[in-house]
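**Q** A single structure is presented below for examination.
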Amino acid sequence: MLGFLKEPVVVTAEINVNLVALTVMGLITRLWGLCYPRAVVFDEVYYGQFVSLYMKRIFFVDDSGPPFGHMLLALGGYLGGFDGNFLWNRIGAEYTMNVPVWSLRLLPALAGALCVPLAYQILVELHFSHCAALGAALLILLENSLITQSRFMLLESILIFFILLAVLSYLKFYNLQRHRSFSGRWWFWLMLTGVACSCAVGVKYMGLFTYMLLLAIAGLHFWHMIGDQTLSNVSLLCHFLARGLALLLIPVVMYLSFFYVHLALLYCSGPHDQIMTSAFQASLEGGLARITQGQPLEVAYGSQITLRNVLGKPMQCWLHSHTNTYPIRYENGRGSSHQQQVTCYPFKDVNNWWIVKDPGMQQLVVSNPPRPVRHGHIVQLVHGITTRYLNTHDVAAPLSPHSQEVSCYIDYNISMPAQNLWRVEIVNRESDTDVWKTILSEVRFVHVNTSAVLKLSGASLPEWGYRQLEVVGEKLSKGYHQSMLWNVEEHRYGKSQEQKEREVELHSPTQMDISKNLSFMAKFTELQWKILTLKNEDTEHKYSSSALDWITMDTNIAYWLHPTSGAQIHLLGNVVTWASANAAALVYTCLSLWYLIRRRRRIYDIPEDSWQLWVSAGGVCGGGWVVNYLPFFLMEKTLFLYHYLPALTFQILLIPVVLQHLGDHLCRSVLLKSMFSALIVAWFSSVYFVYCTFSPVTYGQPALSMTELKDLRWKDSWNILIRKQ
């Protein structure tokens, strides 16, 4: 039984020395001097704020994209023991001792380093020579802009890593397709493709374009499989379901999981949650949750409520009134009702309280048992402090003359009777008998007499209106624009019929936990919508640029400047590599068109397998450049040079593809091949020379003199910082 022990157990392993060496060199170039400078570098001032909020569990919204990349940066801070206490207020601010700089910058640096061996493997899986694959990896290794971007607490290197990982995983899966379908390795690489795609999209939405490219390539490959008569219908169905599971279902589930973890970590209220709905705010600890805890859920006749506009733009505000009236005449001579002003006020105030009254009864308190207000019920809204009724009529609004004025009724003129009946329409109801609920219900108030809808116009009133926001009655309104929707934020059951006692009640703070009624999907949907629609005002930045500037690198970004010496860090690419990448793209396009025209004439210049290799490499490398670059021409946002780096990475991969093709098919004689090889060596030497020349502004050290800095200004458009002596 123990005979197997007579022989030694031998384990053999194959080690790709090229891969190991490239990985080590990638780690050296990205990790060397990672803590330098020990100061905030460019967009670290932006991402660092979110890392601090993660450490303190405070909710935030970043309109630049999904949360996975931010969570990875925060993971670095967590592993380094960061407590979140640092004021990220300016570029160049010195980090205090509690900030683990090396740990915060580690994950982006590791991602940038691993892009080097990934580039090597992608070319190998595309069936190019190891020499070509090695050239691609070395070009990525010596690309100054990729080094700079990966050495700081920024997201581009992480995005590029997951993009390349997704491409490599799919290529490995596809190469296993013919002989080892449904094997363990086949499943592993297919699943990893979906995981990497979801991670890329989770870091930045730009990852979506590479994901769509891989879906298109996978769809094309499956289309070819359908024509394979050796595959049965059952086999095709299994292939289809496997791809659907790995490339569609898994990315969706993982994308949702990023938000689930994000929301689970950020459970405390903070300044960012004010743009969210009241229901979302109430689900967070502190803030609104502290106010709303214990208040009644169902709005009843006699309820005292505050009404928040759902839109939240130009700022969150509550339906408000005060004793001041509209001017008898406006500056343009147009007259008003001279009734009590109704506005939307961006601060919590006792004048934001309203009482829901039954038009058929005089009482302003909740009966026992309470009579809940339902969808379609007619109510009057009584202003708590002044006891005037919310009213609208056929008088033009102050700033929106096409809409009706909204006021609190004062009987100044018997020819202007009260028109203060409003129909409650619950927009997000599940049935027509739904009860009006605190926080959860989004409500339209439709004026019974004129069918106008209570709406926030968003315009700021003049001095006589204290610059508060105008509220109007929108005529003939269809649909449910958020400016017409209101929700009850604070709510109590009124108990005092006497006005003086009621005023005391209105001044006292309110005390049913709403959070359990808001599901994860509801929170995810709202947060996702905010990320997609909440855009900051685009402003010109000193280092912003257009997409056309990127191809020729006519722009740069100064990331950091030493406060006393000439040491500085710039986002500048390797000029030779960028020019070569553009040339490779141009040569590939021209050659492809030439081959296509010739093949149309049934003239085949290269063997069929070489043509298929050429096309597949162009689809991956050229397609990756196109999908990561051209969309920026359609984007209305402030653009920077670093946005081009994912596209540049794919374009760099195209260089050895073109070079190998030229060497194999156009250099036919031994002499031409020798000359071509010599040119490649000279060209690569120039790449290394430029890398070394610009390494002082890539790593920020050593400090250069004024003359040396001037010598680095190879283009007049580059902004190299030179101190005046």
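Just so you know, glycine gets a Cβ as well, placed from its N, Cα and C.
TrEMBL: automatically predicted annotations, no manual curation.
As listed in TrEMBL for this protein:
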- 15-37: transmembrane segment (TRANSMEM)
- 58-79: transmembrane segment (TRANSMEM)
- 99-120: transmembrane segment (TRANSMEM)
- 153-174: transmembrane segment (TRANSMEM)
- 186-203: transmembrane segment (TRANSMEM)
- 209-226: transmembrane segment (TRANSMEM)
- 246-267: transmembrane segment (TRANSMEM)
- 296-359: domain 'MIR' (DOMAIN)
- 370-427: domain 'MIR' (DOMAIN)
- 431-491: domain 'MIR' (DOMAIN)
- 575-597: transmembrane segment (TRANSMEM)
- 613-634: transmembrane segment (TRANSMEM)
- 640-659: transmembrane segment (TRANSMEM)
- 671-691: transmembrane segment (TRANSMEM)
**Q** Do any residues, 6 or more residues outside the transmembrane segment (186-203), come within under 8 Å Cβ-to-Cβ of it, and if so which ones?
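**A** For the transmembrane segment (186-203), the nonlocal Cβ contacts are 65-69, 72, 155, 158-159, 162-163, 165-166, 169-170, 172-173, 176-177, 180, 210-211, 214, 242-243, 246-252, 254-255, 258.
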**Q** Quick check: do the transmembrane segment (575-597) and the transmembrane segment (58-79) share at least 3 Cβ pairs under 8 Å, counting only pairs 6+ apart in sequence?
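**A** When sequence-distant Cβ pairs are counted, the transmembrane segment (58-79) does not touch the transmembrane segment (575-597), since fewer than 3 lie under 8 Å.
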**Q** Okay, the transmembrane segment (15-37) and the transmembrane segment (209-226): do they have at least three CB pairs under 8 Å, pairs separated by 6 or more?
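**A** Per Cβ check, the transmembrane segment (209-226) does not touch the transmembrane segment (15-37).
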**Q** Any idea what the model's mean pLDDT is for the domain 'MIR' (370-427)?
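**A** Taking every residue of the domain 'MIR' (370-427) together, the mean pLDDT is 88.
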**Q** Going through 15-37, 99-120, 153-174, 246-267, 640-659 one by one, which has the most CB pairs that fall under 8 Å from the transmembrane segment (613-634)?
**A** 640-659
**Q** Taking residues 6+ outside the transmembrane segment (671-691), which of them lie with a CB under 8 Å of any CB in it?
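**A** Sequence-remote neighbours of the transmembrane segment (671-691) are 135, 138-139, 142-144, 574-577, 580, 659, 662-663.
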**Q** Which stretch, 58-79, 99-120, 153-174, 246-267, 640-659, tops the Cβ pairs under 8 Å count with the transmembrane segment (15-37)?
**A** 99-120
**Q** Take the domain 'MIR' (370-427) and count its residues per DSSP category (helix H/G/I, strand E/B, coil), listing them in that order.
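**A** Helix, strand and coil residues of the domain 'MIR' (370-427) number 0 helix, 26 strand, 32 coil.
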**Q** Could you pull out which residues elsewhere in the chain have a CB under 8 Å from any CB of the transmembrane segment (246-267), counting only those six or more residues past its ends?
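**A** Sequence-distant neighbours of the transmembrane segment (246-267): 53-54, 57-60, 66-68, 70-71, 190-191, 193-195, 197-199, 201-202, 211, 214-215, 218, 284-285, 520, 523-524, 527-528.
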**Q** Same-chain Cβ contacts of the transmembrane segment (99-120) under 8 Å, 6 or more residues past its ends?
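**A** Counting only partners 6 or more residues beyond its ends, the transmembrane segment (99-120) has Cβ contacts under 8 Å with 18-19, 22-23, 25-27, 29-31, 34-35, 38, 48, 51, 72-73, 75-77, 79-82, 86, 133-134, 136-137, 139-141, 146-147, 149-155, 157-158, 160-162, 164-165, 168, 649, 652-653.
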